[in-house]
């Protein structure tokens, strides 16, 4: 009888493990292969070799890149060097990147590890760049003032809060105010790995201002990219491991109400809102297994989606670019400027294409 009970327990454990492993593979889209979609006249951005996890294009074509991210469980081609913020002018015939010098003695440059970024332009045309930073595996938001003539960033402030333990991306709504996604509930790398493996869906979105901080949405399986509609009425949130983009209605008190959900056959990362049309441009990972378990012989592919009329009953979703990793590995972000598409990756290169 004891042997039968033991055998039954072993069988149950194995069945649960097999079922959970299948669920984990589904969340990572482990068996997805890429069908290539090409664009004309694509060129790699010179000077980006260790990723451009996020990017922001100003109305005048100046573009900020967040580069050199070191993230637990993700490949890094230069793990010993700090990250950088790069600048590129998309109006140039052959645009090239240059490093923005960080001014001020309040930021430890040696541990600078930039992730998501967002800009806010004040009424006097002052441009603030808000940067998610992971110094020593922690999470902060660094507030910079962009000094265009000097081509530098003046560090103004470091923001930390207990409700911001694992920030991934931010959407700035003021010089020190923003919505932020926490991709995990825990900050500890060991607990984060179990949280992700078990699919606990404990990540959330937080509204932060100097006067008020609150969780405004929760229950996500790895909340990732976030964007705000052109009219400021809606917030878009990418749920990476559920393959979803959520649309929320934004209220005057900064709370959010869920409106609709779109499902995809890819892991949706950062969201950029087209400044002309309001379309969403989304950097995606077709196969998440290849991102989290990197193999140079079988690298992660890249995919860019365009979502038109997202608020309608029948949004139009187009795969604008897709590639199996021979050119671009691990796309995280895509944005447009005057008929050009700029694509960034988590640890690899960046691409610049005609549309």
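Backbone N, Cα and C atoms are what each Cβ position is placed from, and that goes for glycine too.
Here is what Swiss-Prot records for this protein:
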- 42-353: disulfide bond (DISULFID)
- 53, 168, 224, 269, 270: Ca(2+) 1 binding site (BINDING)
- 115: active site, proton acceptor (ACT_SITE)
- 253: N-linked glycosylation site (CARBOHYD)
- 270: N-linked glycosylation site (CARBOHYD)
- 324: N-linked glycosylation site (CARBOHYD)
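Structure with Swiss-Prot features highlighted.
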residue	record	contacts (Cβ under 8 Å, 6+ apart)
42	disulfide bond	327, 351, 352, 353, 354
53	Ca(2+) 1 binding site	66, 67, 69, 114, 115, 116, 270, 332, 333, 344, 345, 346, 347
168	Ca(2+) 1 binding site	115, 116, 132, 180, 181, 182, 183, 223, 224, 225
253	N-linked glycosylation site	none
269	Ca(2+) 1 binding site	224, 225, 238, 240, 282, 283, 284, 285, 331, 332, 333, 346
324	N-linked glycosylation site	33, 34, 36, 299, 301
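For the recorded positions 115, 353, counting C-beta atoms within 10 A of each C-beta gives the highest total at 115. Counting every protein chain shown, 26 other Cβ atoms lie within 10 Å of the Cβ of residue 224 (Ca(2+) 1 binding site).
Within 10 Å of the Cβ of residue 270 (Ca(2+) 1 binding site) there are 27 other Cβ atoms, across all protein chains. Apart from 53, 168, 224, 269, 270, the Ca(2+) 1 site neighbourhood in this chain, defined by C-beta within 8 angstroms of the site C-beta centre, holds 54, 115, 116, 169, 225, 238, 240, 283, 332, 333, 346.
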